[in-house]
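Below: the structure, in structure tokens.
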Amino acid sequence: MLSRFNIHQPFKRCKFRFFLRSIGNPDTILVESCSSSSCSSPEPSLVRSDYLTKPSDQDQIFPLNKIIARCVRSGDIDGALRVFHGMRAKNTITWNSLLIGISKDPSRMMEAHQLFDEIPEPDTFSYNIMLSCYVRNVNFEKAQSFFDRMPFKDAASWNTMITGYARRGEMEKARELFYSMMEKNEVSWNAMISGYIECGDLEKASHFFKVAPVRGVVAWTAMITGYMKAKKVELAEAMFKDMTVNKNLVTWNAMISGYVENSRPEDGLKLFRAMLEEGIRPNSSGLSSALLGCSELSALQLGRQIHQIVSKSTLCNDVTALTSLISMYCKCGELGDAWKLFEVMKKKDVVAWNAMISGYAQHGNADKALCLFREMIDNKIRPDWITFVAVLLACNHAGLVNIGMAYFESMVRDYKVEPQPDHYTCMVDLLGRAGKLEEALKLIRSMPFRPHAAVFGTLLGACRVHKNVELAEFAAEKLLQLNSQNAAGYVQLANIYASKNRWEDVARVRKRMKESNVVKVPGYSWIEIRNKVHHFRSSDRIHPELDSIHKKLKELEKKMKLAGYKPELEFALHNVEEEQKEKLLLWHSEKLAVAFGCIKLPQGSQIQVFKNLRICGDCHKAIKFISEIEKREIIVRDTTRFHHFKDGSCSCGDYW
């Protein structure tokens, strides 16, 4: 009878909390109607009192337990407490339901402990809730002590402790408990496999996987994740292919993210498409991995398709998914689309702000990046260490030395953010490229932790710009001491020697590189034309339209020289005649890609080229001339930033 009143909207507006305050003893029939209503939160209907009967206290327990559980699920612990304290009769389920909610909040540990002690007849589930609370929120000595004093333990009790130790990396203790456990289940085996994987011990993880009596999807996925983290992609592929159980979304995500993180974004995106064809809907994690792959490849069209998937799904307001889209648009050169998306986001967390600030920094728009940082502070968003990497990067790309130093000092003073290695790398780059090499070296020596390889690599790059051979030799030696397989260190030093025509030293560096079995990462550039990606390497001999590309480049070279272009021969890193050096420079991969864009794209339209290494000085100079000759905007993204070439100048102001 009562439930029919739920169709009347005025009655739905009556709030549940007001109801609890005004009626100390809710009626069972009314509560059951509330529980079955289609309302998003429990709300009573108003009815004539003569329709109601007075139930016993015991009859109220079940429906009120349901309300407590609903409050806990929605995070309304105070509401659950009000219902709890208003109940004249309770059972163990009542106590357990409230304990679940309170125990999840680290700040209410004492309250949870007190509540547990008050349970008249705690059962195994009560003990397991409290054990999980200790494992999550306090030191393991107390958790172990509580576990040892438990009057009865089930598989969940043992698994909680094993999983807790495994997540802390204490695998010996986890192993000891595992072998003390009388009846192990699938969760027990999964905890051991995952624990060894987190510790990087794939051998032991593989052993437990092989001897496990039941291997479910969790175990298979854990092994795939472990192999991907260890860069053993072929083993992960074999595991994925040989799975004897159905793959779930987490399994697909592990493979897709693994491909992208192991520099195989093409395979990751191919698998993402296969997942969609299987009818599996991606979650925010899978979409983020796919969008990262799009960013790596500058696959803008696929990125836009993923944007459509997000817009038509329940993830349309998901902060993680939208932030990944912003990052993708920024890295694909579509800063305008990124900004539009950022503006319409209903909720922005620090990660979203970081993505947009980083986008402006990568494109060399320091004013916008720093303005956005100030707006972020005004919006009471607390910056983190990644925020300051983006801010310092913006200063770096614009050569704002004093402003960068001010922000570096402000990090600790005003925001209590301790400088990380990445912050020091940004500052060394900022000082070094401004010619303040000694100050950069002084900063490295003042670092509160051991300098890392990247900071010496950055100093080495600055030495090349300013042709400081002595400091370059020091930086290179330090770099190679920290990472003897760092190809960039050898190449940078050889390039500095080459710029000084010290060919014997170049030969010595190359010999050392060969003896150390270090292979230089080959430079290449790519451009997307009508949804097809075209790759180019220096002195490319493979592309089917190479003849027309060479013809176009020779035409451009003549026009550039008439306009005042002189090749920067120091970037031709071979001991050959000047004429041969000019030819080598003309066939650099970024020039080949730009020329191909000039041929294939409509006159006056924008050209976007991407390179896997830093753009060379001669190419940077030449593309400025080409942008003026062709009357086009040419955008080149290298490993450090975006260069926007237009009307004979670059957005970086030649500061890169």
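Any Cβ shown, glycine's included, is placed from N, Cα and C.
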Next on the checklist: Labelled region 'Type E(+) motif' by Swiss-Prot, one stretch among 97-127, 531-561. Can you tell me which?
Outcome noted: 531-561
Checklist outcome for this item: In the same chain, residues at least 6 away from the ends of the repeat 'PPR 4' (154-188) whose Cβ sits under 8 Å of its Cβ atoms read 124, 127-128, 131-132, 135, 140, 143-144, 147, 194-196, 198-199, 201, 204, 212, 214, 216, 218-219
Item to check | Per-state residue totals over the repeat 'PPR 2' (95-122) - DSSP helix, strand, coil | outcome: 22 helix, 0 strand, 6 coil
